[in-house]
C-alpha cells in the first residue's frame, strides 16, 4: 500500500515522536468537533433565517400602523405576508434539487461559495423598499439555505468517526434550533430590517471559518486526489493515527458507487441544463421509480413528509407571533414565541437520546397522539374565546380572557415537544434508513424535495385555511390530518430500531411492520 508520509503538513512534521505516541484519543475527537463547530455556522444561519419570518411579518404589519424612524414603510397584506414566508421554502425546494448536482465541485468549496450570496440576500432585505423585493430575497435566501444545509449534513457524515457521527450530527441540529431561538428572542426588540442585518452576519462567519477546515476525504478520493485525502484524514484523525486502512475503505466504497452508476448516461457539466440532459435526468428518475425496491420507501417517506408538514408545525414556526397576538389577551406574544423556540431546542436535544432507546414506532405513535390532542385543544380554545368575545361585545361586557393565556401556550408547547420528539426527527432519519444503497441518493432527493414542496404548501395555505375556516377551524383541520397520520404510521411504517442499513430494503418492510 502506497504511503504519503512525505506529504505531511509542516505542522505535523514539527511534532516529535514522543508527541505522536502520547497524543490523547480525546484530542482526535476534539479536532473533529472543532471542524463540526466551524461548519455548524451554516445550520445556525439557516435557523436564523427560518426564525426570521414570524417576528419580521409581525414587525412589518405593526409598522404600517405605528411607523417609526426613517424606514420606508410599505403595505403588506396577509396574503403577501404568506408569500414572504412560503417563498423561502419554495426556494429551498429548488435549492435541494440543485444542491446534489453542486456537490460534485466539493463540499468545502460549495459551502464557501454559497455563503456570500446567502448573506447578500439578507443585506438586500435590509434595504428593501417594496414587498416584491422581499419576495425575491426570500426565494433566493431559501435557495442558498437549502444548499448549505444539505452540504453541511454530507460534510459532517464524511469527516466523522463512526462512534461520534451521531453526536456531531446533533451539533448541527442544535445549531439550527439555536439560530431559530435567537431570531425569535431578538425579534421582540429589533424591527424586521435590523433583524435581517443580524441574520446576514452568520453566513459571512461561515465563509471565514470554512477556509480553515479540510475538504472531506471521500470527495477527494472520488476525484482521484488520494494524497490530499490522506492529508485530510491526518488533519481530522490526528497525526498519530494510521489512516491508511480507513483510506482504503473509502476507496472501496467509492469504487462500489462508481460501479452502480456506471450504467447511467453521462451528463457533462457544460450541458447540465440543456434539454437533452434534462431528458436524460427525467428518464433516469422514471426508470428508478419503476423499481419495486424504490417505490415502497418513497411512499413511506413521502407519506411521513405530508403528515409532518401539514400538521401545524410550519404555521407555528412562521406565524407564531401573529397567532399568539390573536389568542393572547394579556401575555406578550413575543414571549410566547421565545418559549416555543426554547422548548423546541430542548426537545430536539432529548430526541437524540430517545430514538435509539425507545424505537421509532413508539415515538411516532406517541408524537401523533399528543399532537392531535394539542391541536384540537388549541382550536377549541380559540373557538371558545372567539365566542365569548362576540357575546361580551354584544352585551357590552368587559372581556377578562387574559387569565386563560396559559391554555393556548400550554397547547403549543405540548405540540412542539411531541413534534420534536417524534415525527420531525424520525421522518428525516427514515429517509436515510429505508432506501437501499443503490437508490439512497435519488430516494433521498425525492423525499427531501417533496418535503420542501409540502412545507411550501403548508405555510402558504395557512392564511387561506384561516380565512375559510377561521383560526379555530384551521387547527381542527390540522388535528384531523394528524389523526390520519397516526393511522398511516400504524399501518405502513416499519420499525427500524437495531436494524443494519443493509436490512432496510422494501422486501422486508412488510415483515418489519408485522414483527415490530
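One is the number of the first residue shown, and numbering goes on along the chain from there.
Each residue, glycine too, has its Cβ placed from N, Cα and C.
No curator has checked TrEMBL annotations; they are predicted automatically.
Within the listed segments 336-355, 496-515, TrEMBL records transmembrane segment for the stretch 336-355. Of the candidate ranges 167-189, 236-258, TrEMBL annotates residues 167-189 with the feature transmembrane segment. TrEMBL tags one of the stretches 293-315, 362-384 as transmembrane segment, and that stretch is 362-384. The transmembrane segment (134-155) and the transmembrane segment (475-494) are not in contact, since fewer than 3 Cβ pairs between them lie under 8 Å (pairs 6 or more apart in sequence). Contact count against the transmembrane segment (406-430) (Cβ pairs under 8 Å) is highest for 336-355, out of 195-213, 336-355, 475-494. Below 8 angstroms of C-beta separation, residues 78-79, 81-83, 85-87, 89-90, 92-93, 96-97, 100, 146, 150, 284-285, 288, 294, 297-298, 301-302, 305-306, 308-310, 314-315, 318-319, 427, 431-432, 434-435, 474 of the same chain, each at least six residues beyond the ends of the transmembrane segment (442-463), sit close to that stretch. Beyond the ends of the transmembrane segment (475-494), by six or more residues, the same chain brings 299-300, 303-304, 306-307, 310-312, 315, 360-361, 364-365, 368-369, 371-373, 375-376, 378-380, 382, 423, 430, 434, 465, 469, 508-509, 512-513, 516 to within a C-beta distance below 8 angstroms of the stretch. Taking Cβ pairs closer than 8 Å, the transmembrane segment (167-189) reaches residues 32-33, 36-37, 39-52, 54-56, 58-59, 149, 152-153, 156-157, 160, 195, 198-199, 202, 317, 320-321, 332, 334-335, 337-338, 340-342, 344-345, 348-349, 352, 425 in its own chain, all 6 or more past its ends.
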